[in-house]
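Undergrad: I'd like to ask you about the structure that follows.
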Amino acid sequence: MTQDQLKQAVAQAAVDFILPKLDEKSVVGVGTGSTANFFIDALAQHKTAFDGAVASSEATAQRLKGHGIPVYELNSVSELEFYVDGADESDAHLNLIKGGGAALTREKIVAAVAKTFICIADASKLVPVLGAFPLPVEVIPMARSHVARQLVKLGGDPVYREGVVTDNGNVILDVYNLQITNPVELEAQINAIVGVVTNGLFAARPADLLLLGTPEGVKSLKAE
């Protein structure tokens with residue numbers, strides 16, 4: 001199976017998982033990226049089964065609207081039963097690295113509101129230790145150099161992601177060469193740097209369920 005076929009399979013599995021639990025008042029949180037796009041396309045086949053969605057990026061909002069799915073502001077929604085999103089890496093505890101698509105801050109906010117965070121990914125994303133994928137950090141533009149110096153002190157090698165401005169008007173530093181053995185601690189350390197909006201570690205609020213696309217089929221993993 002191709003990577004896209006694996007992504008399609010996990011996207012459909014996520015729809016199959018949440019659909020029996022949705023009703024006409026349900027609002028679904030939706031992530032950003034190629035795997036999330038497959039989820040949106042699969043979810044759109046059942047758009048009469050729920051009320052609408054909260055999007056984690058402008059790109060996701062446009063795709064949802066293109067399918068005729070109502071998109072709500074998070075501030076207007078009292079609760080989200082589910083948040084479904086992809087990941088760049090996951091460990092066995094379902095700590096994640098996200099933010100390859102630069103939507104990490106809004107993704108983290110929507111995930112924090114959701115009762116159940118479902119991560120959908122192909123098998124290549126499951127790793128023993130996080131950090132081979134560079135860790136994205138969203139930064140207030142004027143603090144970029146300061147934050148980069150602090151990230152070097154933490155053992156990372158930050159690289160400015162040229163030409164990228166987040167939906168919030170900020171910039172991204174991608175931090176290479178981190179061996180992330182304690183993701184909860186590192187997430188807090190980086191977020192404590194003045195000028196950091198947030199970083200792409202989802203460890204304080206990890207995923208609750210990982211649907212992993214493999215050549216043998218979709219596997220469901222809960223945190224070890």
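Note: Cβ is positioned from N, Cα and C throughout, glycine not excepted.
Quick paste of what Swiss-Prot says about this protein:
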BINDING   T32, G33, S34, T35, D85, G86, A87, D88, K98, G99, G100, G101, K125  substrate binding site
ACT_SITE  E107  active site, proton acceptor
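Neighbours and distances for these, please.
TA: D85 (substrate binding site) falls within a strand when secondary structure is assigned with DSSP. Around D85 (substrate binding site), the C-beta neighbours below 8 angstroms that are at least 6 residues distant in the chain are G29, V30, G31, T32, G33, T35, A36, S56, K98, E107, A111, F117, I118, C119, I120.
When other Cβ atoms within 10 Å of the Cβ of E107 (active site, proton acceptor) are tallied across all protein chains shown, the result is 31.
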Undergrad: Taking T32, S34 as the binding-site residues to compare, which has the smallest set of other Cβ atoms within 10 Å?
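TA: Fewest other Cβ atoms within 10 Å, among the binding-site residues T32, S34, is found for S34.
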Undergrad: Could you tell me the maximum Cα-Cα distance in Å between the residues recorded as binding substrate, namely T32, G33, S34, T35, D85, G86, A87, D88, K98, G99, G100, G101, K125, rounded to a whole number?
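TA: About 16 Å separates the two most distant Cα atoms.
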Undergrad: What are the non-local neighbours of G100 (substrate binding site), defined as same-chain residues 6+ apart in sequence with CB under 8 A from its CB?
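TA: The answer is G33, D88, F133, P136.
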